[in-house]
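Engineer: Copied straight from TrEMBL:
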- 10-182: domain 'Reelin' (DOMAIN)
- 222-336: domain 'DOMON' (DOMAIN)
- 340-538: domain 'Cytochrome b561' (DOMAIN)
- 1-19: signal peptide (SIGNAL)
- 417-436: transmembrane segment (TRANSMEM)
- 448-467: transmembrane segment (TRANSMEM)
- 479-501: transmembrane segment (TRANSMEM)
- 513-532: transmembrane segment (TRANSMEM)
- 539-562: transmembrane segment (TRANSMEM)
Amino acid sequence: MKMWIVLLLLSVCSETVICYSDGKVEVACGDMTPQHGHEPITKNPPFNITADKSQFSPGDKIKVTLSMASSSEGKHYFKGFLIEARNAGNLNEIVGSFKLIDPEISQLLTCDSKEGSAVSHTGKSHKTEVQVIWVAPSDSPSSVQFLVTVAQGYKEYWVKSPGPVVSQNGVAPPPQTTFGGSIGAQTTTSSILSRSFTSEGCGSMKSCLRDPEGCDPQNDTACHFLSFRALGSSVMFELSGPAEGYVSFALSQDKWMGKDDVYLCIRDTDRVEIKAAYVSGRTHPVYSSQNILKDTAWRLSDGVIQCSFRRDIILPPENLNRFSLDQMYYLFMAHGRAEDGRTHRHDRQPLISTYQTKITGPPEDLTGSRSPLLMKYHGENSMGLKIFGLELLFLTKTIKSRLFGSLYESIRILHRMLMALTVLLTLVGFVLPFMYRGGWSKRAGIHPYLGCVVMALAVIQPVMALFRPAPDASRRYIFNWMHFGTGTAAQVVAVVTIFLGIHQQALSLPAPWSTGVLAAIVVWFVLADLVLEVHQRGFLPIVLAIYLCGNLGFLTVLLWTISAV
């Protein structure tokens with residue numbers, strides 16, 4: 001089962017970190033730049049792009065070949081590619097359409113609302129040659145130039161490399177638009193920080209968000225730290241935290257991941273790259289192609305990544321998805337692994353500020369939590385009230401089988417009330433994570449599946465009781481065993497579900513003693529039930545009192561633990 005969970009998480013992670021390995025790169029149709037967040041290579045490319053004709057007429061077909069150069073050094077293959085045909089007099093205009101020769105390694109794309117106007121890869125397999133057919137349109141310009149983007153790896157790619165120019169028969173070509181090599185993201189040279197950041201001035205000179213609360217990055221290598229302060233028409237940010245690959249923060253208009261302005265400090269061997277990005281949902285960040293960060297600096301020491309930069313409060317309109325810093329936002333802080341400059345999903349639940357703050361406002365010492373409020377309620381309900389309700393339900397059934405006379409009717413009513421309460425609490429705990437996630441969670445392993453089983457068993461119990469036969473019926477024993485079996489199964493599955501749930505990232509409970517507290521509750525329940533089975537009727541009130549006091553003590557500790565996270 002653990003292997004199944006690992007495979008599921010790996011498949012989800014691979015979808016988020018391998019950018020467009022399936023070749024669906026319509027997002028790059030315009031500038032033909034991969035969303036890798038690295039600067040493209042500008043030296044002579046190790047590949048050739050050729051056409052089998054130099055002239056054409058409308059409707060003609062031209063074979064275009066992309067292949068590795070015979071004299072190329074290093075890697076003798078490529079993984080990804082994007083081929084387009086543009087008007088040689090206006091390289092912003094896509095011309096004509098393509099047909100495939102080998103659909104296993106190439107596919108058609110719709111760029112500029114023109115179906116089949118570009119060709120890309122279908123996977124990340126190694127390729128040495130790709131051939132496609134370009135079909136000249138009836139309204140073709142006098143000359144057409146083929147352009148290609150080729151990727152050998154995540155950080156090794158050439159953008160918009162110029163290919164051959166073909167001209168229409170009998171039409172004089174206009175002057176070609178000059179094209180000066182690859183077009184990529186602008187970068188600046190970062191300096192190295194001479195010393196660590198400090199929490200001195202937090203709340204008085206600068207705003208700070210820290211985890212653990214009140215920590216100082218200068219003295220505590222486990223401190224996750226974000227500070228910012230206004231400097232004229234810009235804001236200076238400082239970000240620090242222990243991480244294998246990257247630390248990041250985001251500006252968000254709500255407490256949900258998506259449509260956020262993100263800034264990352266990514267470790268790349270012995271240096272740090274500082275990038276601005278945007279996330280549209282629970283997806284991999286899309287890096288900005290504009291250079292909006294100034295005075296960037298970084299530091300690596302004792303497993304801690306630190307970086308600082310300055311950003312203008314108001315940016316020009318062309319900087320899409322960048323937030324103005326004179327508004328109120330929630331702050332997210334996250335960290336995780338990175339490989340060859342590619343970021344993986346964060347290792348822990350992000351730290352989210354308790355309330356919105358104005359980035360250019362007065363300095364504040366901010367607080368935050370890694371456990372969302374809805375998930376705290378889910379944990380408190382599921383770990384505490386649900387299992388307590390199930391225990392009381394089982395205890396009531398045990399007492400009812402031993403006490404008769406005047407107490408029988410009262411205990412039967414109590415039994416029904418506790419059953420209804422258990423179903424209600426289970427339903428509340430079942431709904432809360434769906435409200436938080438907005439749907440089914442793909443990263444929670446088998447926990448949500450077992451939760452559905454518990455919910456179904458909890459509903460089956462009272463429904464079964466409605467159709468139970470009379471106490472003296474000949475088949476009453478069948479109902480008794482089914483009722484007992486369903487209740488016991490619900491308790492067992494609920495305990496397993498809760499043990500899996502306390503390790504979920506969204507709950508962020510302290511380990512390992514939270515597991516110990518829950519284990520102690522289960523052991524206490526089992527022992528108390530055995531005592532109830534062994535002791536005679538006269539001891540039941542004493543045993544019951546000890547049992548309930550023990551449960552209340554354990555549950556108080558557990559609920560306090562969840563609330564304190």
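A Cβ is built for glycine as well, from the same backbone N, Cα and C atoms used for every other residue.
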Engineer: Are there residues at least 6 beyond the ends of the transmembrane segment (448-467) whose Cβ is under 8 Å from a Cβ of it, and what are they?
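Structural biologist: Distant contacts of the transmembrane segment (448-467): 382, 416, 419-420, 422-423, 426-427, 429-430, 433, 440-441, 479, 482-483, 486-487, 489-490, 493-494, 496-497, 500-501.
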Engineer: According to DSSP, how is the domain 'DOMON' (222-336) divided among helix, strand and coil residues?
Structural biologist: 0 helix, 71 strand, 44 coil
Engineer: Please give the average pLDDT for the domain 'Reelin' (10-182) in this predicted model.
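Structural biologist: Within the domain 'Reelin' (10-182), the model's average pLDDT equals 81.
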